[in-house]
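Visitor: My questions will all concern the structure given below.
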Amino acid sequence: MAFATRHFVRAASSTAATAAAKKLIVKHVTVVGGGLMGAGIAQVAAASGHTVVLVDQSDEILKKSTKGIEESLKRVTKKKFADKPEAGAEFIEKTLKNLTTNTDAVAVVHSTDLVIEAIVENQEIKNELFKRLDKFAPEHTIFASNTSSLQITQLANSTTRQDRFGGLHFFNPVPMMKLVEVVIKTPMTSQKTFESLMDFSKAVGKSPVSCKDTPGFIVNRLLVPYMMEAVRLFERGDASKEDIDVAMKLGAGYPMGPFELLDYVGLDTSKYIIDGWHSLEPNNPLFAPSPLLNKLVEEKKLGKKTGEGFYKYK
């Protein structure tokens, strides 16, 4: 009996080891999109020892991205290595050594384990990118999108690797925010891919949560309707935007009020999300468009990035 037990334990251990061996350990990462989100993802991946290539359309954009990463790393080291400036300088140097840039995703994707897309929130543009890269990436490579509102299933269907496709939704600013929504529960995504994405998220110092492929996933599915209801409250004249912001900060403990947050996110981004959800569920009152939001976007008052949204910025 003891022999049988030992044999069973060895067999179980062997099976577990085989399963673990099959799981992809991500070492090389390609991030497509050099904006705030893409640069932030590239930074945390490089800082955690991954080899990272950051891709965008021009060297000018990538120079700006690299400069932003360097400035962000300096802020991180001031807190992390407050009493050890030499260790901080070494950390920055190592991180930047792990990071390179390129304007041609096809040229670098052939040697990557994970492709993370962080480009404009547009279904057609994202699909075209994934369709093109799918032809050149190795069979083992996992594709992931940082989309905050689009369906992962529709993006995955633009490729031949639906089982190796998932969502990795980071939050801005990426180096500071601990959460990653690992949105991979499409009918096609493999358990191996899910586990690999969870492991990668933890490796870059984040706390991953899982969610089905539902509009807005967890955070935005709750957050966007909340912000839109704040706009409707203001549109009806029930309260001023200033009082709504103060009420939610002091009464609910939120770090920003809904109008401050809308301006921070970008009114065009918020409108794009709510319009997309409205087209999916036109009878859902939570997804009803806002005349005021539409007007501000039409007037190019998009929030902090343009100097004016619901509030004016110097």
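Note that Cβ sites are derived from N, Cα and C of the backbone, with glycine treated the same way.
Remember, it's a predicted structure, so these values are computed and weren't measured experimentally.
Below are the features I grabbed from TrEMBL:
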- Gly33, Gly34, Gly35, Leu36, Met37, Gly38, Asp56, Glu121, Lys126, Ser148, Asn172, Lys305: NAD(+) binding site (BINDING)
- Ser72, Lys79, Ser148: CoA binding site (BINDING)
- 28-214: domain '3-hydroxyacyl-CoA dehydrogenase NAD binding' (DOMAIN)
- 216-313: domain '3-hydroxyacyl-CoA dehydrogenase C-terminal' (DOMAIN)
- His169: site 'Important for catalytic activity' (SITE)
Visitor: For the NAD(+) site as recorded (Gly33, Gly34, Gly35, Leu36, Met37, Gly38, Asp56, Glu121, Lys126, Ser148, Asn172, Lys305), determine the largest distance between any two Cα atoms, in Å, rounded to the nearest integer.
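Guide: Of all Cα pairs among the recorded NAD(+) binders, the widest measures 23 Å.
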Visitor: Summarise the model's confidence over the domain '3-hydroxyacyl-CoA dehydrogenase C-terminal' (216-313) as a mean pLDDT value.
Guide: 96
Visitor: Taking the Cβ of Asn172 (NAD(+) binding site) as centre, how many other Cβ atoms lie within 10 Å?
Guide: 14
Visitor: State which of the following recorded positions has the fewest other Cβ atoms within 10 Å around its Cβ: Lys79, Lys126, His169.
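Guide: Among the recorded positions Lys79, Lys126, His169, the sparsest Cβ neighbourhood within 10 Å belongs to Lys79.
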Visitor: Given a 10 Å Cβ-Cβ cut-off, pick out the one of the binding-site residues Ser72, Ser148 that has the most other Cβ atoms nearby.
Guide: Ser148
Visitor: Ten-angstrom check, please: count other Cβ atoms within 10 Å of the Cβ of Gly33 (NAD(+) binding site), all chains counted.
Guide: 25
Visitor: For Met37 (NAD(+) binding site), list the number of other Cβ atoms lying within 10 Å of its Cβ atom.
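Guide: Looking across every protein chain shown, the total is 21.
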Visitor: So how far apart do the CoA binders Ser72, Lys79, Ser148 get, largest Cα to Cα in Å?
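Guide: Max Cα-Cα spread across the CoA binders: 29 Å.
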